[in-house]
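Quick look at what TrEMBL lists:
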DOMAIN    154-344  domain 'Bacterial sugar transferase'
TRANSMEM  7-26  transmembrane segment
TRANSMEM  38-57  transmembrane segment
TRANSMEM  69-90  transmembrane segment
TRANSMEM  102-128  transmembrane segment
TRANSMEM  156-180  transmembrane segment
Amino acid sequence: MDGFFLRVIDGALIVVGALGALHFGFPADSLSYTGFDGLLVAFAVALALSVFPACGLYRGTRERSAVNLMSRAIVAWLIVQAGGYALLFVLHRLHLVRGLWFVYWTIISGLGMLLARTLALAVLKLFVRFGRRARSVAAQGPVVASRMMRLAFKRVFDLALSIPLLFILAPLFVILIIIVKRDGGPAIFGHVRVGRDGTRFRCLKFRTMVVDAEEVLRETLARDPEARAEWMRDFKLKNDVRITPVGHFLRRTSLDELPQLWNVLRGEMSLVGPRPIVDQELARYGSDAHYYLMSTPGITGLWQVSGRSNVDYAQRVSLDVSYVKQWSPLLDFGILLRTVKVVMRREGAY
C-alpha cells in the first residue's frame, strides 16, 4: 500500500511539474505555443512506474540514508526524462516541444521528488524515534508524556516548513555565499550555543564580521569602557566595528540567519523558540534557566517580534520564559506571521 501511494505521488509530481513549467516565461494563451506535450508527460508517468521501482525507490526506505535515497531518485528521474527525449527523437517530434519548457519541467518535478522524499524520510525517522521512547515516557507520567507530544508536534511542523524553504532558497544561498566570501573568509560560521537539555551545538550563520573578529573585539573592549560595559550588559554592541558592509545588510534583512534552517533540519533548533544563547548567558536567566533548557532554541521567537535588539536583556529573558509557559501551535504560527512583518520593516535589527 505504501508503494502504491508513493507511485501516485510521483506521478502527480511529474504532471504538476510539467504544468508548473508553463509559468516560466511562456504565454498562457496557447499550450501549443509553449511546446507542452501531454503525450510526453503521460509517457513519462508510465515509464516512471517501471524505472522507479527498478532503481529501488520503493523498498527499504527506513534503512536508506538520505544521500542514498536522493541519489537514486535523481538517477531514476533523469533516466525517465532521457527516455522521453529519445522517444521524441525517434518519432520526429522534437520540434513540437520547447527545450526550455522541458528543462524547467525536469527541474521542477525533480525538486518536488527530492522534497517529498526528504520530508517523508525525516518524518519517518521522527516517528520511529518517538515510538521507541513512547513506552518509557508513558511510565514517567502525564507531564513528561505531554512534553514529548509537544516536542513531536513542533518537530513535524519544523520539518514541514524548513525542508521546502531549504530547496526554495537554495539559489539565494549560493548567491550569498559568493558575496560573503569575496573578502577571503569563510561564508558560514558556527558559534557554540546551548540547546535543549543543555546540549551544545554549532549555531550556523552567514559571516557578517571581519575574519579576525575576536581579536578586534578584545582590542575594542580594552580601549573603550563604554563598549565594554555594553558588551557585559547585552553581549552585543550596537555600533560594532567588526561588522562588514555586507554584514550590515545581512543583519538588517535577517538574511544572516538563513543557515540556521540546517540547524532546524538537524533537530538542534526550531523555527520558533527562545533565541540560542552562549554558556555565559545562561546565568542571566537565574532561576528561570530551566525554562530555557526545556525548550528548543528558535530562529525566531517572541523576543524577535517584540522589539528585538531594542529590548533589554531582562525583558528578553521574560519573553523567553513567557513563550515556554504559554506555548501552543497557534502561538508559533502567530510569531511566524509577525516575523515576516518585522523582517520586511527591518525593525530592531542592527
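Quick reminder: no glycine exception, Cβ is built from N, Cα and C everywhere.
Long-range Cβ contacts of the transmembrane segment (38-57) within its own chain (Cβ-Cβ under 8 Å, at least 6 residues beyond either end) map to 3, 6-7, 10-11, 14-15, 18, 69, 72-73, 75-77, 79-81, 83-84, 87-88, 93, 97. Summed and averaged per residue, pLDDT over the domain 'Bacterial sugar transferase' (154-344) gives 87. Sequence-distant neighbours of the transmembrane segment (102-128) (same chain, 6+ residues past either end, Cβ-Cβ under 8 Å): 9-10, 13-14, 16-18, 20-21, 24, 35, 61-62, 64, 66, 69-70, 73-74, 77-78, 81, 85, 152, 155-156, 159-160, 163-164, 167, 265.
Among residues of the same chain six or more beyond the transmembrane segment (7-26), those with a C-beta under 8 A of the stretch's C-beta atoms are 33-36, 41, 44-45, 48-49, 52, 57-58, 98, 100-102, 104-110, 112-113, 116.
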